[in-house]
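Pulled from TrEMBL:
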type: DNA_BIND; residues: 72-132; note: DNA-binding region
type: DOMAIN; residues: 70-131; note: domain 'Homeobox'
type: DOMAIN; residues: 134-335; note: domain 'TLC'
type: TRANSMEM; residues: 42-59; note: transmembrane segment
type: TRANSMEM; residues: 143-163; note: transmembrane segment
type: TRANSMEM; residues: 183-201; note: transmembrane segment
type: TRANSMEM; residues: 264-287; note: transmembrane segment
type: TRANSMEM; residues: 307-327; note: transmembrane segment
Amino acid sequence: MLTWLRLLSDWIWQDRLWFPAGLGWANLKDRDGQVFAKGRDLWVIFPIAVCFLIIRQIFERTVAVQLASLLRVREKPRVRAAPNTTLESYFCNASKFPSQSSVEELTKQSACSVRQVQRWFRRRRNQERPSQIKKFREACWRFTFYVLAFIAGLGALIDKPWFYDMEEMWNGFPTLPLLPSQYWYYMIELGFYISLLFSVATDVKRKDFKEQIVHHVATILLISFSWLVNYIRAGTLIMLVHDASDYLLESAKMFNYAGWRKTCNYIFILFAAVFILTRLVILPFWIIHTTWVYPLTLYPPFFGFYFFNGLLFVLQCLHIFWAGLILRMAIKFLPGNVCIPKPNHYRVVSWTEIEPSPEPYTTYVNSGLTLFILNEVSELRVEDK
């Protein structure tokens with residue numbers, strides 16, 4: 001078995017797959033005081049991820065809670081469902097949204113009316129919804145990391161020649177010496193994304209859950225691969241582009257939970273502009289162009305070239321998907337657009353079912369959008385009265 005694993009490893013990591021012809025792993029051996037990236041360096045991301053999980057718990061229970069109190073984040077008391085063994089068993093083991101026939105059957109088993117069963121399930125579902133404080137704490141943690149990561153990344157790259165002339169990222173490839181700032185930028189970013197995967201089971205589950213998992217996995221693979229084959233200069237630029245807008249989204253969420261709706265709207269519009277500029281302009285037309293087109297003028301194509309750009313293409317497809325939905329939200333937040341239009345696939349909700357809003361918006365429940373930003377910035381809090 002060990003022999004087969006060794007043979008498989010040798011085949012996977014052969015030079016001709018990951019490097020241009022005539023180059024290989026031997027070129028990345030330390031020499032003459034120059035240090036190069038190595039695969040074994042990536043083991044450090046796991047203790048870093050654990051440290052992030054510990055720091056996050058401390059941060060959310062201290063700093064985030066204090067900030068939530070300062071911004072007056074409040075959670076409206078919820079009406080709890082009365083104890084009922086029959087309905088609770090169906091809720092936990094069968095479905096949280098019983099069909100009409102199931103409701104009628106449950107009325108016979110629980111000795112409740114149809115209206116009482118429907119009300120019980122609404123109240124029970126409301127109990128499961130995450131609180132505003134929990135969502136604020138998560139957004140506060142991500143905002144803090146993203147803003148610090150963006151500042152640190154900008155500080156590490158601002159004096160580098162490839163920050164201004166992206167063709168410089170291929171100057172001397174693959175023998176690109178590793179700088180201490182690049183090492184820590186990579187390890188901290190990777191450790192953070194690994195910690196997000198570890199905590200996904202306890203975080204607030206959003207409608208774009210699958211897309212977020214794909215994004216995290218593709219990002220981890222992309223960053224790890226760029227480290228292994230010394231695409232570090234391209235990798236740092238890609239990470240910086242992603243960090244440039246994420247902290248704006250998280251801050252918009254925080255102000256939304258605090259009830260600062262106008263501030264939330266303005267920040268969201270700024271986020272949409274930065275997102276489109278960085279991920280639909282700078283990333284594809286500068287960075288991806290330099291990783292896809294320019295190398296072909298220097299080397300013949302090889303598998304690693306296609307693999308790296310294939311991961312970038314996956315991320316870019318997600319960016320295009322999200323950008324379209326972000327634009328739809330941003331247009332609604334522009335001054336003068338105070339009402340959300342009523343498309344055919346919207347269902348009007350009775351005013352006895354929703355919490356009154358301090359803003360003069362016409363409110364609808366969307367049955368089609370799967371946008372995480374819609375969940376966070378323009379969410380409804382459905383309550384049973």
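Backbone N, Cα and C define each Cβ position, glycine as well.
What TrEMBL says about a protein is an automatic prediction, not a curated fact.
Contact check: the transmembrane segment (183-201) against the transmembrane segment (264-287) gives fewer than three Cβ pairs closer than 8 Å, residues 6 or more apart, which falls short of the contact criterion.
When the domain 'Homeobox' (70-131) is classified with DSSP, helix, strand and coil residues number 36 helix, 0 strand, 26 coil.
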